[in-house]
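Read through the structure below, which is laid out as structure tokens, and then see the notes.
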Amino acid sequence: MIGTDFDHALDSSFNVYCEDQRKWAETDAVRDVEYDGDLRFKQLSTKHKTAIAETKTALSLRATNALNRWHAVERSTIDLWNSEQCHWVLPATTDRLNRRILLTRNFEYNDHAKASYELMLGLERERANREREERREKKARAKELWDVVKRNSNAFSPQDSSDLDTAMGDESLPPEELLSVEDQHETSEAGSKSSDDMMSQDSVDGIELVEEAKADEDGWAKMFIWSDTETVVARFDKVMMVTLQAITEGKILLTTHGLYFRQTGNVINVMTKETDQKEKQGDYHDQRWRLSRLTEVHGRRFMLRAQAIELFFSDSHELFLNFSDGARDRDRFYAKIRNSCQVPMLWSPKSLNPRVVFKKSKLSNLWKKGIISNFEYLMQINKMAGRTFNDITQYPVFPWVLADYTSESIDLSDSRVYRDLTKPVGALNESRLAGLIERYNDLVAFGFSEKEKFLYGSHYSSPGVVLHYLIRQEPFTTMAIELQSGRFDCPDRLFFDIAGCWRSCNTSTSDVKELVPELFTCPEVFVNTNGFPLGQTQDERSIENVALPPWAKGSAHEFVRIHRLALESDYVSEHLNHWIDLVFGYKQRGAEAEAAHNVFHYLSYEGAVDLDKITDEVDRNATESHIQNFGQTPSQLLTKEAHPSKYPGHARWSPLIHNEEVTEHLRYHTPSNQVGGKKKGTVKGAAVSIHVLSDFVIVVYANMSVGTYKFSTSRSGSKSPFSFKLDKHKGFCRKELSSSRNAIKRGSAAPSEMESNKSHLSVGSHSFGITIGGEARESIRRKAQQSRLTSAKDSLSTAELHASIVSCGYWDDTVKVHSVDGLKLTCSDTGGHRGPVRCLALGDDGALMVTGGNDATCRVWVVDHPDMAVALSDGYVKTALGEALDREKQLICCHILWGHVAPITCVSLSSDLDVVVSGSLDGAVCVHTVRRGTYVRTIRPLNRTNAINAARKITLHGTGDFCVAMEDHTLHSYTVNDVHLASTDAGEALNDMLITSFGSVLVTGGELGWIVCRSVRDLLVLSVLDLSRQGPIRCLSTTPDDLNPTPQYLFVGSDDGTVTIVDEDPQSAERSETVDFNGRN
């Protein structure tokens, strides 16, 4: 039987066996096993790659932290002996209010000595003479060769002459062109040969590239670390990334979590239109932007075509993209972002139409009520109308506001010192306007159509105008030189005198320029800090710094201060809407524009020409050149109705100390119904920290108890202007969590930093902060911007019930979060500090916090806002501490700031400015950015002795000014760009201080028990309130100026535990009509 089967098997065909095996392999069971195996292999492979990538990133973070720490040590040992001057540049990014105040280090400094106007004139003459001599020699050689050819023409054989006749059979061919013909022939042969070689090589490369692309089309983007759930959303192959100095052609890959850009073409210089040799095609610089950081999106125009978009990120980065295939691609890109991507922080409207965005924003209501400033409002209008810092042809535009640049002093309450904001610059001078109107009416006779007629041939904003104002600071210096073909412009045409510039704008028929935002925020644009060779005028006047009006007292900082005050003045506030009508509103175009004498060249208006329909290359190039160089009118936001005016001064909100004169009319009240006080006080400790919300005032006492007070303004007729009643009072935490050995008892002096460093930390205003949470604060802010003010206030009151107190200085070296309602501990974290956490400061946005520790580092935290934490840290992999990001945590440390080499003693930050300043035990003050966590500079205040002089207190304002009090009782005023404003002896140890809302007045409180108001610019005393009977002053706080239409108050915490409230006396004498801003030298 077995033998028979064996014989039968031998007789069977091998093909049958193979067929059986194939059928078995195709069964579902086998295929399932194979599929599971392949899937498992891919999963393991992906996990392996991700693990390797995460390990590399973690190592990179550790290496970066180590490098930053080494740089800090290096700076402390080398910078003191380094005599080389540092040079600075305007930043590429803006702060939260769209300003560029903080200068950054320029590591690619160029003194532009070779671009000197006088030097270049000499070089140009030499170059012209050399070129003329070369042409003469070339012509002589060509003639000589032609003579040789003619003499030897009979020596050529007939069969060889045919080719020569083809090339030069006509004896009329100019001899100087003979060489070029021969050169072209040689070049053609060489080109033909290389072309064949390239064709062969390209064919091979093309096949390989196609196969590679099919294998992994997005492989270049996957070199970055992707989220586990990240998927591709869309691809866009024809995109231009537009920056201030360059345009880069490339392609975009849009995923659910990120935006990836790869360069596919050359990088074109904006000014010269030449290819950047440093950034040639092929040197790929792939970039990624995390969509978790995306906060705003606005539609943009490029070359007057609405096919671009600008994205704004929480780390202050801005991305301008132009879609070459037109508006459809742009709109599809935005729709994909909104509908298919994870953009938790995005709050822009669905439409990209500027008019729709402006209408839905409701910012006009906030501006009318005085809740946002004139500067903020103008910046927002510029942004919504398409003006951007990324396109020099569409730079933000601001108005001339002053007309007096010659007086010794200036009175901002006098309407005669202001420019007429109801007229465009070109119409301010009646005689000049009459001539322009006459020319305007005669243009038809010269062949201009009604559409092409214009009143002003130049524009109020163009690349030339921007570079004119900003030529003293990079990168605008380089761009101005590129605009002038490699040299500075003629010195007589440069910006060297503000009065002369205003005079030119009022008299010249070709000069109608307005201003740029930097003239209201950045004093450095008036100063030639980089020592550029700007030359001499014809009257031998050396050009260095801009000549300022006499009332500026020779100080660029003082000019900018007064200029900004003028912008925020009552006169400008009441008339700014007329200027908005001219530039952004219904008087921009049409019959209203003609009636207002506000007509510019037709090519400056959107929709005036369709570049795609211009077939003639010369005409197209000329049209593009005009659009790029001679100005573009912003998008029209209001087409029919006039812009509303701002409410009168008495009807709009203003801070308590809105100018220096108000300090003379301050009064104080000490409510009786409170915990502290000498008579009824039950707290054995000072009021060390006060935090004001809209309806509540929270007071932290030195014995770690907390009092909550209900606060509201009283109705008219009441004896007291407000109501202040105790709501709750309970212990802050258990005794084992006691903050300090040096808890401040009533009547005791606060320990100095030197003393506290020997033992432990003192309790003070620097130890506490309060927040309703970054996410809640942002939601309320958005509601307010949408003009749902009542809803916003209700939301704020509700959110305050869930407010949290953040504190530091504990024995376990942690930062703790307690709920206000119940004082329950909700979070405790060290943030990576090695040792005690000495101080903290919260930003006005409620989301950002900075702590300073004994380990000489500062840490940037995000408080109760996980989306921002993901945005500021490497949310896909690790945080600054190397730990995985936990979105459930209230406190997340995002950055470590390595600037100091001694323990941190004080810290202050401005969320609007995106800057943190910190002082240390050795007296150094360091400046860092907050959202990026980068070191900027170290400032060392003047020291009267050689002894160690620690920084005691520091306060920073959003204008860029900060004041620092030292342990030796000296007080110093600086800007974040290291401009020393003033120094003085405070005469006491200062325990707390703050700069008021408009940034002009410093309020201090110290051991003498006095509230002292000083001018920030010179630190001279303006007024004093004596609260010494309540003991030394421990803390100061004001009513928040955002989202608060109610009057502002100053709250003062004293050594006896009482809280004093300061306001303006309405019964005081009327303010002087003359507000002289130069009364003190």
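The backbone N, Cα and C atoms fix where each Cβ goes, glycine too.
Per TrEMBL, region 'Disordered' is recorded for 177-201, 743-766. Residues or ranges marked as domain 'BEACH-type PH' by TrEMBL: 228-338. Feature annotation from TrEMBL assigns domain 'BEACH' to 352-646. The repeat 'WD' annotation in TrEMBL covers 830-861, 897-938.
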Tell me the residue counts in helix, strand and coil for the domain 'BEACH-type PH' (228-338), as DSSP assigns them.
18 helix, 62 strand, 31 coil
With DSSP as the yardstick, break the repeat 'WD' (897-938) down into helix, strand and coil residue counts.
0 helix, 23 strand, 19 coil
With DSSP as the yardstick, break the repeat 'WD' (830-861) down into helix, strand and coil residue counts.
0 helix, 16 strand, 16 coil
For the domain 'BEACH' (352-646), the averaged pLDDT of the predicted model is 94
